[in-house]
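A quick write-up on the structure given underneath.
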């Protein structure tokens, strides 16, 4: 006997299926389900009178043969596709993406459910991989709370707290600070990795930081990013298979952008805030987007270009870089970095895939809780101003969605050598998953899983008779407590440090995971974001030309994902 359901009735019961479209928050972006791994008429759902019951959708298999958790009927949005599926989690990792149920009585089951399986209802929800923010100034530990609540589950950067150096530069300098920060990482339910200070013209001060646990090194102009320092730093990175991030020389004191590119010598490097408002060769650091060995990213205060972007940047810059507005030279330094033309071009370079990643620059000209929001605001603004991408159809924005989600998930993971652990929803990877109601997508997650365990969720009054009464707000869950914290998050270190036994020497509780394959990465490896245009910036007008085309757009006066969702 067959029961035919309308698409609306089916979506309300089991979530959208192949051919259904979902709007992302209040944007103009629509995603369309490309494939449904579940089987019509054999879907599993938990609840009274529902399918996942003993002898029905739940099998008799023992715990070793079933997942620890199944997320049912979820819409997965990832760089590799937009699909409807059940997601299996086992031992803190994604075990399978497919069809859950009881294989003894149901056809096509790839994920058996048993008495040892917990269920999270994913019907009507979107699931993304946890975000990865690769530009963190570790100024205050409270940033971690904000980042996690936004859907970020991995933070990479440097710092030691609100020291003057950390306020300006993402560096954890020296072995002593590196050890202390790695020990501090044990107290937070998030994956962490730290960059050492890369500014030295001799190798020994750099190598000792990698040996102490740094996942890479950061070159920052405030410490002197000279060609000699760049060359030395990249040589150490090549020797240790670690990444280098760079904030180039705004003042062009030690050379122009061409001098910096020459110092790279074709070696892989991650260029922070590549547009330049966050720092870098004025006015043409954007040129490096065309280099095969350069992995370019943006920071979020210029994302997207709005009528307020320029005005807020001057004060931010003066504070972050310890400048004095009463000193003419300091003011000129600040003003040289803030250019409406290059910020406008940055929008388009993201939309066309020339800028590969997006990060925060937390408390140092960036907002740690807004990486994901600003990524999707940029995508919306570009659709409104530029229309559909050539790869998309009139029905959906699937390719654009994949391009933008890759900017804060898989591409940062590839860049920093952690893609074997995090960055996408694929079997074998750490189960850092973010669940969203479509109306709140990119803004306020419903639930965040760390290593397969619920770490943060929207939760009502704990004294109420049910979970939903007000006040509903984010509350830490059991993955953040006791010994579970250290077993649901990772600390990334160098292979050199792992081999030297720093976990035991420092007394670390979290698992340490070495970064790997950092030095072979090229722009071509940046998924959906590998375009390498020939870029020029007019030194007088700051107009940006890419492959012969002028890149310009108007600032937005209103954005989605903003006042509709927030009081402040």
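Positions of Cβ are set from backbone N, Cα and C atoms, glycine also.
As the structure is a computational prediction, the values presented were derived from the model and not from experiment.
Annotation note: residue 321 (active site, proton donor) sits in a coil segment as assigned by DSSP. Around the Cβ of residue 321 (active site, proton donor), the same chain contributes 168, 222, 279, 333, 334, each under 8 angstroms and 6 or more positions distant in sequence. The active site, proton donor annotation in Swiss-Prot covers 321, and the record cites sequence analysis as its basis.
Feature annotation from Swiss-Prot assigns Ni(2+) 1 binding site to 135, 137, 218, 361. Remark: residue 218 (Ni(2+) 1 binding site) has 157, 158, 169, 170, 171, 195, 196, 197, 198, 244, 245, 246, 247 as non-local neighbours, by Cβ distance under 8 Å and separation of at least 6 in sequence.
Packing around residue 247 (Ni(2+) 2 binding site) is summarised by its Cβ count: 24 other Cβ atoms lie within 10 angstroms of its Cβ, all protein chains included. The annotation Ni(2+) 2 binding site is assigned in Swiss-Prot to 218, 247, 273.
Annotation comment: Swiss-Prot describes 220 as substrate binding site, evidence class sequence analysis. Long-range Cβ neighbours of residue 220 (substrate binding site) (same chain, at least 6 residues apart, Cβ-Cβ under 8 Å): 168, 169, 170, 171, 197, 198, 199, 246, 247, 279. DSSP assigns residue 220 (substrate binding site) to a strand.
Annotation source Swiss-Prot lists domain 'Urease' at 130-568, citing sequence analysis.
Positions annotated as N6-carboxylysine by Swiss-Prot, on the basis of sequence analysis: 218.
The CA atom of residue 361 (Ni(2+) 1 binding site) is located 9 Å away from the CA atom of residue 273 (Ni(2+) 2 binding site). The Cβ of residue 273 (Ni(2+) 2 binding site) lies under 8 Å from the Cβ of 135, 247, 279, 280, 297, 298, 299, 302, 361, each of these being in the same chain and 6 or more residues away along the sequence. Within 8 Å of the Cβ centroid of the Ni(2+) 1 site, not counting the listed residues 135, 137, 218, 361, the chain contributes 136, 157, 158, 169, 170, 245, 247, 272, 299, 359, 360, 362, 364, 366. Neighbours of residue 135 (Ni(2+) 1 binding site), defined as other CB atoms within 10 A of its CB across all chains, total 33. In three-state terms derived from DSSP, residue 361 (Ni(2+) 1 binding site) belongs to neither a helical nor a strand segment and is classed as coil. Residue 137 (Ni(2+) 1 binding site) has a Cβ environment of 26 other Cβ atoms inside 10 Å. The local packing around residue 361 (Ni(2+) 1 binding site), expressed as other Cβ atoms within 10 Å of its Cβ over all shown chains, amounts to 29.
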